[in-house]
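*Asks:* A single structure is presented below for examination.
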Amino acid sequence: GIPCGESCVYIPCITTAIGCSCKNKVCYRN
């Protein structure tokens, strides 16, 4: 549920490397 400061509208989340995932076009972690 914590925003990772990255969007995933056009490209996947790079922050998946630290546990973030794409939700509602924004990358979140927990």
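Keep in mind that glycine also has a Cβ here, set from the backbone N, Cα and C atoms.
Under the heading disulfide bond, Swiss-Prot lists Cys4-Cys20, Cys8-Cys22, Cys13-Cys27.
How about a rundown of where these features are and what they're close to?
*Replies:* In the three-state DSSP scheme, Cys4 (disulfide bond) falls into the strand class.
Shown in sequence order, Cys8, Pro12, Cys13, Tyr28 are the residues of the chain, 6+ apart in sequence, with a C-beta less than 8 angstroms from the C-beta of Cys22 (disulfide bond).
Cβ neighbour count for Cys27 (disulfide bond): 22 (other Cβ atoms within 10 Å of its Cβ, all protein chains included).
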*Asks:* Taking the Cβ of Cys4 (disulfide bond) as centre, how many other Cβ atoms lie within 10 Å?
*Replies:* 19
